[in-house]
Amino acid sequence: MSDPGLLREQRRERLFFVGLAWPAIVIVGVSAMAPIFWILGQSFQTVAGEATLGNYDKILSSGLTWSSLGTTLALSLSTLIICVVLGVPLALALASANRRVANRVLILIMLPLWTSILVRTYGWLVLLRRDGLVNSTLAWLGVIDQPLPLVYNFTGALIGMTHYMLPLFVLPVYAAMRDIDGNVVRAAASLGAGFWRCVATVILPLASGGLTSGSMIVFIYTLGFFITPAVLGGGKVNPIAIRIERTLSTFQDWGGASALGMLLLLLILIAGCMFAAIRRLAREKVHYA
Amino acid sequence: MLDAYQDSRLARALIWTVASLVLLFLMLPTLIVVPLSFSASDLLEFPPKDWSLRWYETFFGSAVWMAALKTSLMLGTLTAAIAVPVAFLASIAINRLGSPLAGGVYGFLLTPSVTPGILLAIGLFIVLAKLGLIGSFVGVLAGHVTLAIPVAIVVLQPAVNRFDWQQAQAARSLGAGWPRAIGGIIAPQLALSLVAAGLMAFLTSLDEAVISIFVASGANTTLPKLMFISLRDQIDPTIAAISTLWTIFVGAVVLILNVRSNDASK
């Protein structure tokens, strides 16, 4: 240890390894971090480059921003709720199946995850149109006599976003449920807890870590969604991401677009902190229970 | 896990019914596209009355679509070629440095994957516009490489962590420098993971639309950008043909990766 030559050698080795990370750090720094700091700076500048709060004043006094904020939160929250309702039973079924069946079904869940977002959006357009498969099937079954307006509106955007997020929600929930000790469930059963009671009071609390990470992924991801609402919303659904694009491409208002970008970032940070807090609370509760 | 409840037939049946419907919901939009792509009609009728390959002919016969396809394939290849070596070196650094420095580097390199695409897109758009590089190939490539680096790191990190580092130490003590140890000992043993990371990086670039919509233009328009514009304007059955080809390609890649990981776990 006290050999100075060896120490120097170790230090040099460490420097070498730090050096290995630099290309990646520089690329991410230059093409992801720098632009975001640039947006931050831009949001506090006039076109001429003088310091101003005018961009924020303009977007915050515009009713369009507030309605976009409402749309964004409504979309994210509804997507999350539907993901929980559809995803928890799927994860539960997977966790109760034997490993081989579960792995097969997992491929079916992963496949849409890797299919292009544009392919999926197109598929939903085809399914949900006035004369699409869903409407024609419902009409054939006699459930409806007028086609339902399922796309080019909030419903369409919601269906597309739920479809995109569901696999990302199911995976962490399934992982958490799979890790639950089967003996705990057997103990609950032998103590007389019925199936649903066991799910509600044993399985779901023990899977709360997976549930909160899944929910956090869904909520935070959907706050910045662009492609799906832009296509399936048909111009009628305008979350902040779409408002940013309009502000930039239609009005060439870089300051306004940057301020909206910062608003989105702030929203994501707040949501992240909230979910982190929920997660801590849930963990403590499970710990003491 | 629920083996204590084998008798709760009704509850289990209910859960599997919901699960099957959810799986159908997940598969339906990708499956519906396949028969439509072989339809002879301009209308998106289901099931199609007559069959043809005309939408595939339209796709492969269109100079605009082919240019976009070429751009996307080139972007994807270059993205993988840059992101994988860079991510591989970074993964080694993260493994060797130890916390908390390694944790910091890891977290930093993963940020592009949690930042909304729209923020990266307008940021890059504004920076490139100031530099006079808007619409340039390099601008889009920079965006795609940045998105592919976290993907490649997530694929490579477990493999690098599993690697038997004593081999590298042995090579070192026999006189090989670190560059030679990395290129001659570590990289060949992680070849499969490197290929997997490359495929993932390629797919990430191929499917990226938001940055391309903002930054790519003219001759550098990518396939997803063209699909997006086309979807927003009208529903063109050519997209069904593209989607079918795309799904087959992605399905093949996922199957290859799955077989590979099954082999690795044996």
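From the backbone N, Cα and C atoms, a Cβ is placed for every residue, glycine too.
The transmembrane segment annotation in TrEMBL covers B:12-38 (among others).
TrEMBL lists B:69-257 with the feature domain 'ABC transmembrane type-1'.
If you look up TrEMBL, you'll see B:73-94 (among others) marked as transmembrane segment.
Positions annotated as transmembrane segment by TrEMBL: B:106-128 (among others).
The transmembrane segment annotation in TrEMBL covers B:134-160 (among others). For the transmembrane segment (B:134-160), the residues of the chain that approach it from at least six positions outside its boundaries are 71, 75-76, 78-80, 82-84, 86-88, 90-92, 94-95, 106, 109-113, 120-121, 124-125, 128, 186, 190, 193-194, 196-198, 200-201, 204-205, 208, 211-212, 215-218, 220, 222, judged by C-beta separation under 8 angstroms.
Distant neighbours of the transmembrane segment (B:181-203): 76-77, 79-81, 83-84, 87-89, 92, 148, 151-152, 155-156, 159-160, 163, 167-168, 171-172, 250, 253, 256-257, 260, 264; these residues of the same chain sit at least 6 beyond its ends, with a Cβ under 8 Å from one of its Cβ atoms. Residues or ranges marked as transmembrane segment in TrEMBL: B:181-203 (among others).
Sequence annotations record features per position, and here TrEMBL assigns transmembrane segment to B:239-259 (among others). If one looks beyond the transmembrane segment (B:239-259) by at least 6 residues along the same chain, the residues whose Cβ comes under 8 Å of a Cβ in the stretch are 30, 33-34, 36-37, 39, 44, 55-56, 58-59, 65, 196, 199-200, 203, 223, 227, 230-231.
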For the transmembrane segment (B:12-38), what are the same-chain contacts with Cβ under 8 Å, counting residues 6+ beyond its ends?
2, 5, 44, 46-48, 51-53, 55-56, 237, 240-241, 243-244, 247
Residue numbers, six or more beyond the limits of the transmembrane segment (B:106-128), whose CB comes under 8 Å of its CB atoms:
87, 90, 94, 134, 136, 139, 142-143, 146-147, 149-151, 153-154, 157, 208, 210-211, 213-215
